[in-house]
Amino acid sequence: MERYQQLFKQLAAKKEGAFVPFVQLGDPSPAMSLNIIDTLIAAGADALELGIPFSDPLADGPTIQNAALRAFAAGVTPAICFEILAEIRQKHPTIPIGLLMYANLVFHNGIDHFYQRCAEVGVDSVLIADVPFEESAPFRAAALRHGIAPIFICPPNADDDLLREIASHGRGYTYLLSRAGVTGAENHGQLPLNHLVDKLREYNAAPALQGFGISEPAQVKASLAAGAAGAISGSAIVKIIEKNVAQPVEMLVQLTRFVTEMKAATRS
C-alpha cells in the first residue's frame, strides 16, 4: 500500500499525474507478457494494473476478453500469473502493482489464501470487478490483514453514502469510472466528473484514477483537469498487443510510443 502513497507524493512534488496501463497477465504468452510489462515501465508507466485471465469477464469488452483467450491458449493459469507477478516485483521493486480481478478467482483457494499469495509476490492492491461495495466486507478484511489495498470503483452516479463508504474503506487509490458499461477504447470516457472528485477529496478518499474508455492524451489531460490524480488505460493498450501478435518488435515500438505520449499528457 505504501508504494501508492510514495508514488502520489512524488508525482505531486513534480506536479504530474499518474499514467497507469492495464494488460492481461500472460497475453500473448508468459515470456512476451513480461517483455510487454518491462516496456510499459521503461516508457513511463507510473503504476501497473494487471488482469488475471478469467473465462467469464462481465465488465470487459471484446478487446480484453480476447486478451484472456490468447493467454488461455498459451496455457496461462492463475499459478503462472503469480509467477509472472513475482518476477515483475523482483525486477521493479518500487512500482505499485494492482490486480483487476473477478471474485471466482479470489474464492478459488479461499479468500485469505488469495490475499496471502498477493502479499508474497509483492502485489499492492486488488480490485474485484464483480463484487459491489455492499458485499465487499470479507474481501476488505482479508486484504487489510495481508497489507493489500482494497480498491473500490466509484461509479458516475454514486450517491453521497457510497462516496463516504468508498472514502472510508478504500486504500491505495479510488477507481473513478468514466461511465457505465463495459471496457473499450471506442466507448470514450464521459466527463466532467469534477463533483465526484471534489466529494471524494472532501471525505479524504484515496486519490482518484479515472478509467474506462481512456485512449488518447487529451482524455488524460481532461481527467487531471477534473481533479483526478491520473488515468488508467486498458483497451487501447491491449489493442496494440492484439494487432501485433505476429510482430513482437513492432508491438513493443508501438507500446512505447503510446505510453510515452500518454505519460507526457500528465505533465502540466
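Placed from the backbone N, Cα and C atoms, the Cβ positions cover glycine too.
Swiss-Prot lists Glu49 (among others) with the feature active site, proton acceptor, giving sequence analysis as the kind of evidence. For Glu49 (active site, proton acceptor), applying a Cβ distance below 8 Å and a minimum sequence separation of six or more within one chain yields Val20, Pro21, Phe22, Gly98, Leu99, Leu100, Leu127, Gly211, Ile232, Gly234.
The active site, proton acceptor annotation in Swiss-Prot covers Asp60 (among others), and the record cites sequence analysis as its basis. The Cβ of Asp60 (active site, proton acceptor) has 24 other Cβ atoms within 10 Å, all protein chains considered. Asp60 (active site, proton acceptor) carries neither a helix nor a strand DSSP state and counts as coil.
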